[in-house]
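Q: Copied straight from TrEMBL:
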type: REGION; residues: 133-163; note: region 'Disordered'
type: DOMAIN; residues: 186-718; note: domain 'Aminoacyl-tRNA synthetase class Ia'
type: REGION; residues: 720-742; note: region 'Disordered'
type: DOMAIN; residues: 759-854; note: domain 'Aminoacyl-tRNA synthetase class Ia'
type: DOMAIN; residues: 899-1045; note: domain 'Methionyl/Valyl/Leucyl/Isoleucyl-tRNA synthetase anticodon-binding'
type: COILED; residues: 1107-1134; note: coiled coil
type: DOMAIN; residues: 1109-1172; note: domain 'Valyl-tRNA synthetase tRNA-binding arm'
Amino acid sequence: MFAGETLHAACCSLQFFTSLGAFTREYRYQITEQRTEQVYGDQSLRPRGGPMSLRLATRGCIRKVAVSWWRSSLGGFGWSRNMADSSGKMATAAGAQEPGGPVVKTEKQLKKEAAKNAKLAKYHEKMAMQKAQNAGEQAKPKEKKPVGKKAPTSFTYDIPTPPGEKKDVTIPLPSAYSPPFVEATWYAWWEKQGFFSPEYGRRTVSDPNPKGSFIITLPPPNVTGTLHLGHALTNAIEDSIVRWHRMKGRTVVWVPGSDHAGIATQVVVEKKLMRERGLSRHDIGREKFIEEVWKWKQEKGDRIYHQLRKSGCSLDWTRTFFTMDENLSRAVKECFVRLHDEGTIYRSNRLVNWSTRLKSAISDIEVDKVELEGKTLLSVPGYDRKIEFGQLVSFAYRLENSEEEIVVATTRIETMLGDTAVAVHPQDPQDMVGKLCVHPFCERRLPIVADDFVDMNFGTGAVKITPAHDHNDYECGKRNNLEFIEMMNDDGYITNICPQFQGMKRFDARTAVLEALKEKGLYRETKDHAMVVPVCSRSKDIVEPLIKPQWWLNCTDMARDAAEAVKSGAMRLIPSSHDRTWYHWLGNSRDWCISRQLWWGHRIPAYFVTFTDPSMPRGDPKEGEYWVSATSKEVALERAAKKFKIAKEKIVLKQDEDVLDTWFSSGLLPFSIFGWPDQTEDLKTFYPNSLLETGHDILFFWVARMVFFGQKIMGHVPSLRSPLSSSSSPSRPFLSPSPSLSSSLPLLLPPTLTKTTPSPPPQVYLHAMVRDAHGRKMSKSLGNVIDPLDVMGGISLLELQKKLEGGNLDPKEVERAKTGQKADYPDGIPECGTDAMRFALCAYTAQGRDINLDVKRVVGYRFFCNKIWNAMRFSLTNLGSEFTPNSAQELTDQETVMDRWILSRLSVAVDDCNRGFAEYDFPLVTSAIYNFWVYELCDVYLETLKPVLYGDDTSAKNVARNVLYTCLETALLLISPFMPFLSEELYQRLPRRSPSSPPSICVTPYPEQLKYHDPALDARVKLTQEVVRVIRSMKQDYLPAKAKPEVHLVCHTPEASDILSQFVGVVTTLSQCSKVNVMGGEGRVPGGCTMTTVGASVQVHLQLKGLVDFDKEVSKLEEKIRKINSQLEKLVKQEQVDGYEEKVPIEVRDATREKTQSLETERGQLEGALAGFRSMKE
């Protein structure tokens, strides 16, 4: 119908090419919709079809229709008119008369003119008919067609439904699956009904549940922006797990929240201030800046929650948190104070990772390690030129009062301004230890010391030591009691240690120092050198090690306990491949710098104490002796008075300006979100959690720290509860708190949590990381960071690029990102829907591997949704409005063999799904679901059911309908954790077995082990399916699409003969043959057949005689083979050109090689078919 409308419109407007483009796009999707089961789906599961076959099939269809259109509709007035004009001009030229004279037309010209007039008359008649038809069409309501390359025709749900009210499911289902229609109104209803709350179905959360409980916290996304596909993967995995446990009848809590993201948020708001008002945070002051951040958070913070709701995440919104909320801030202060009191938190002047751009220390996770092979130019913020890295510069220090020298090498020549020693190995043969070098730019004397960390085989065997600006040198300086000289300030400028370089920017000083060394004759050489450059992930600045007075957390004991938890089996990492990394990191764990020089975040609850009494000694703020910590300034004053034994009136307190590292507050979340330090009902009931789940990239920066605090503060790892436990008690006793904490933690260990019951060890599931289709990490500057909403709803390229313009990227990065988007999404992103996106992400989650996700692959699962949709429409129609299912899923002994087979396959699917969820094997679950719906229910069972449903046997129909209902009901429950919207929409259309059935599929019990599995029957049908597959393949190779040939099956074993005789009707139906004959090995097969085998037991003979013109087919095949041979000759000649291997890029050579192999394979297939036809001719 659509093609006809388009053709008429195109003819009326005479805009052929414009209309053909729109027609091509729409017709391609129409073809796609019709060929879903042949083209899309789980590519790893489907050997036949694929995106390429879709394109080829679509091109062929479009080409045929377009040519037909051109010839039939335009031939009479488009081409013909132009040809007539051309002929007229030619005739005039041939029989030219003098100007003004009469033109004498030839007989041939007169005939052409008559033909032209006839065609014009026919054209006018046709136009009049079309005009009348169009007038009639305009009176009809038109279906809205999609714009651009979105998914097939989209339907919407337009019935007015108040928010939170149930959707009207009495209206007919649309003819095709449409995400906007399916996803409308359901989430608001779920939320209003309280299905996601642990209180649902019980009086209080502490009511015992014999089926157990499941508690998990959503890794809080940064409040700085929107979720991307990496977050979508986390959400899809966690929601599927949560929904499965909820359907298992357990008390489920999934807590949502967002992180204040100290550095990221401050950077975003600072850029916004500068862009909109031309002000820095220092211009408006700390208090006003914090107000600006809160204002920005209130405006933008809900975007993430909107995305989570649109993604179908079944979160308990009544417990939503933000890490800067008052109750969480109180928990952070309480934790800091307790750990400071016992000495685990201390103050020290030590090396930190410093960003001169942010003017703050940053954590290891915010440092990107950029590996360089040699000399490389990098862009550095604040410099107009690129800076050289990856070079090793050698220079000499002269010994004091001697002509001797010692040569050292460095990749950071500017840091030599802060050198305070030269180190050699204790066994170095040079007799240098104890001698002194002289610094060339000041009067500093540098001792030569012996230290084991020096590699004698590297360079000259001597190393310059800059204790204040290098981590290894820092430790060496401490061991050898060296001087720590700071040659660079917080802004990255050279200090006054060497006057001739004072005030220079650090990388300008790099060039100046090198030139000065050359002038003094101390420069030796420069050579390329592989190195790792630390880059701040936030500012793209080069990170510098600087000495700063900071607050530190002693991790030694906590790291040892965390490693032991995994080693002893008290905690389990999934997959176990992360165990080795866990041990390595914790075994080399350093103390954690928890200070950040920011304004946004949890301000450190520590106060420096000074006195108005001049008799009291003055403390050093770099040290910890004159600091007190407290949850408020008033309490700090009391504690200071008690500590220093002085009246409060003589004390002056100044709170530390710094804030805590964001990961500090995040590490407390498993218990702080439930009310700690108060002993709330939630804390008693929901701590410890059942599972920690996140990406493996933050294993140490979040998971390890949650384990640290869980063991230190709460006495055990935060995910200690077994999902099957019905008690609120942890599964093993709390570890005793340290003696220094015991007196200050009177409410830390509630009596109700001391009795325990055995259970499995706690689990930490670490999922794969999402990368783009090219294997690249998601990056805004690459343009490959995609909003899940754009995958669900579709987006054009133009709209995609507009989002970049409204972000925080620099103009150069915006252009780079646009280029990347244009390359990856030239036509934008088609509408996929929430359910398809969730299913796709989980389907490609293989434990221990990263996901190179091409967004276009998600489209395949959108068509899988349509497959389910069409199966349900067919089934609901054939069940009928009066159908009432049996009250229980029980066999009646009247089921056919195919009824028993589909129930057997359903049993296998149920077992695989439950096992996959229990083991976090999501590909196992998604494969089981996909295989059952597509290959077993739709491709086989529904086809074999049609003769029964269309027949007259009422009893057989009733049995078939009940089996079909059982399959649909169970299969919808299986997909519900992954596809909540689609499953709810269709489940609500099914009649219920009982009036007391749950109101929603999300609180309906998940299928348990069924008793229908029959392995022997599965094996018999498997042989039948293989025979059908072979017949279909042979038909595709030899016959036109609608041909129904006769087939002869020659069986060489009694078992095969018995099976195929039993299923001969099934084979006939599924292979769409006119007749299938089963015979023994001695049976005679008529002539005119082509043959292939199914293993060693069955020969399949396809009757071609009478259906195929052998001579014509032989000619066609010979012509195809000739064309392929010609193509192969050209490719071979290309490869034989002199210098081909050296001059032609490897990508081109690989493409040529692949094309050659493809053509050779195709030629072999054609030659096989040709031989078959020739033998049949004979």
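Count begins at 1; order follows the chain as displayed.
Note: Cβ is positioned from N, Cα and C throughout, glycine not excepted.
What you are looking at is a predicted structure, and each value in this text was computed from that prediction instead of being measured.
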Q: If contact means at least 3 Cβ pairs within less than 8 Å, sequence distance 6 or more, would you call the domain 'Aminoacyl-tRNA synthetase class Ia' (186-718) and the domain 'Methionyl/Valyl/Leucyl/Isoleucyl-tRNA synthetase anticodon-binding' (899-1045) in contact?
A: yes
Q: Do you know the mean pLDDT across the domain 'Methionyl/Valyl/Leucyl/Isoleucyl-tRNA synthetase anticodon-binding' (899-1045)?
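A: Within the domain 'Methionyl/Valyl/Leucyl/Isoleucyl-tRNA synthetase anticodon-binding' (899-1045), the model's average pLDDT equals 95.
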Q: Quick check on the domain 'Aminoacyl-tRNA synthetase class Ia' (759-854): DSSP residue counts for helix, strand, coil, in that order please.
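A: When I sort the residues of the domain 'Aminoacyl-tRNA synthetase class Ia' (759-854) into the three classes, I find 42 helix, 12 strand, 42 coil.
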Q: Over the span of the domain 'Methionyl/Valyl/Leucyl/Isoleucyl-tRNA synthetase anticodon-binding' (899-1045), count residues by DSSP class, listing helix, strand and coil in order.
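A: Summed over the domain 'Methionyl/Valyl/Leucyl/Isoleucyl-tRNA synthetase anticodon-binding' (899-1045), the classes give 106 helix, 0 strand, 41 coil.
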